[in-house]
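Annotation source Swiss-Prot lists transit peptide at 1-28, citing sequence analysis. Among the features that Swiss-Prot reports, domain 'tr-type G' is placed at 55-235. Marked as GTP binding site by Swiss-Prot on the basis of sequence analysis: 64-71, 128-132, 182-185.
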Amino acid sequence: MWKGLLQSTRAAWRGPCVRAPRLPFFRRYSLCVDPEIAALSGPELEARIAAIPIERYRNFSIVAHVDHGKSTLSDRLLELTGVIAAGGQKQFLDKLDVERERGITVKAQTCTMLYKHKGEDYLLHLVDTPGHVDFRAEVSRSYASCGGALLLVDASQGVQAQTVANFFLAFSLNLTLLPVINKIDLEVADIPRSMDQIESTFELPTDNVLQVSAKTGLNVDQILPNVIENIPGPDGKLEDPLRALIVDSWYDNYLGVVLLTYVRDGVVSRGTKVISHHTGRKYDVKEVGIMYPGSVKTKELKAGQVGYMALGMKSSSEAHTGDTLIKVNSNAEPLPGFAETKPMVFVGVFPGEGMDFADLEESLQHLTLNDRSVTMTKATSQALGQGWRMGFLGTLHASVFEDRLLQEHGAHVIITAPSVPYRVVYHPRGKETEPTIVEIDNPANFPDLQLEKARIQSLEEPMVACTMTLPQEYIGSVMSLCEANRGEQVDMNYLNQTQVLLKYRIPLNQLVEDFFGKLKAASQGFASLDYEEDGYMASKLVRLDMCVNGEVVDALSQVMHVSQAETRARDWVEKFKTFLRWHQFDVIIQAKIGNKILARETIKARKKDVLAKLHAADLSRKAKLLKNQKAGKNRLQTAGRVNIPKEAFSGFLSKT
């Protein structure tokens, strides 16, 4: 039975137009692949693409919340167009191991597809974008290369927070949105609810909403005809001067830095001399091509196409995503919307036990070549030695980077607690008329409030606008959580009779301290979260320092709101005590703000039995030995140093 079942399933994927037999627990679907297109490669593929006019180009992406089936749907579309073999590697466009393990998309990927519709060839460019808020800048750049998007909604979960956020981002860029309800094969699928939410939340008509199952392939063949008929083609012009948008970049051992670009206008080919509008640097184009699904070299890239360019760049610092490439001596205007990505979370990275500094530096540089959004500067800690201060787009971004460091390079590191960029506003001095604003991303640089109190006008912390969707029965617990994290309610709307959309303004510092985990606990896993930057707000900030025998352990210092300091101080000293070894003198652990001690724990000294070999009747010798031991302990208490092992830092930081 099972052998026959597997054979019938394989047959359904291989096509062309083979239907799976009707079985009691299988949906019936067909996957039609044009064998002529599936067999194309090399010069034949390039000639076929060259014959397609720009009017028959369609560039589109998929808008969805995390885990709503975006990568699986991409697989089905690639199989449908013959780009990849049916039943092959899952989540094909998720290239990184960490993406497949976590089931998320981290790096935007693109793939070119050929599709025959009503007897004519169409050139389709699919951009698979991340769904998580940490990668919002990458999503925005990817949308800029598209004319429309599939608005994907999970039938079992309905509209979620990141669905809403990504919808409004796509809507603001004037993308045509096609609603698609996925996972309709699940027993818990609630299609009417999803329909109602699409209509009420996004004000989109539900007459032509596609209902599909990306997992089984059910109705997936209806998607591309709808894309062709409803999403407009690019409006670029071949005869206009070259303008190409840099969407992403990665490093290749042979070509150097490779750019993923969207050619807005004009034509670019090997030998074309281009200039970066942002940096002013000039380059000769070494190679151009498309992703089908891997790199396929072509003679040229034309207006409306998404492909790669190799310019001979040696460092990723030369490639600025969102920048415009134009021909040398051209007067073409740059494409709008360029903005450098700004890190929002900073951590200290130091070599772990047995890790060589030079080897770790090489590993970090290799990873940052493929991730332009990561910033890296050298830093020194008295406790941990030489290391780096690194900036990330968010806590997930930092966590993914750490996983890649371990998986791809076997590098074990110590990562300090995340910090956000605070601002110190100083009063004008002398002839100055405006306050001086200093941004601080390292707690070690936080000013001494006792010494500089007169100079400081205010301390400010970054804020975020949070959007949460949750079942109505959890409103009370989630609102209590937001208020406990210094949140301010902005809005509350009902998506339908059971789902609520909450909007709060919350300090970013509270968000990076496992707010998402607490939100899941408060809603029993049913809530979803999205956020975006929302300026700065004046706040009562302090730096909490950890001291061991009077010496500040700089790697553990954190900036926080004054209301959190006492509770955090007590937790810190109790936890850190469990990671330190005993000594022959008292080890005093303190948490303090300035000179004010908020909490203290003591690891009592262990005594050596100096009387072990002494005769019981020798009282004078006994007294002398005890006196000498006491004097020695007093000297150790004064001059002795506590060497904190790196395992203690790793253990403590992993639990804070």
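Heads up, the Cβ atoms here are built off N, Cα and C, so glycines get one too.
A map of Swiss-Prot features onto the structure.
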| residue | record | DSSP (3 states) |
| --- | --- | --- |
| Ala64 | GTP binding site | coil |
| Lys70 | GTP binding site | helix |
| Thr129 | GTP binding site | coil |
| Ile184 | GTP binding site | coil |
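Ranked by Cβ neighbours within 10 A across all protein chains shown, the binding-site residues Ala64, Ile184 are led by Ala64.
Across the domain 'tr-type G' (55-235), the model assigns an average pLDDT of 83. Each of the binding-site residues Asp67, Lys70, Thr129 was scored by how many other Cβ atoms lie within 10 Å of its Cβ, and the smallest score goes to Asp67.
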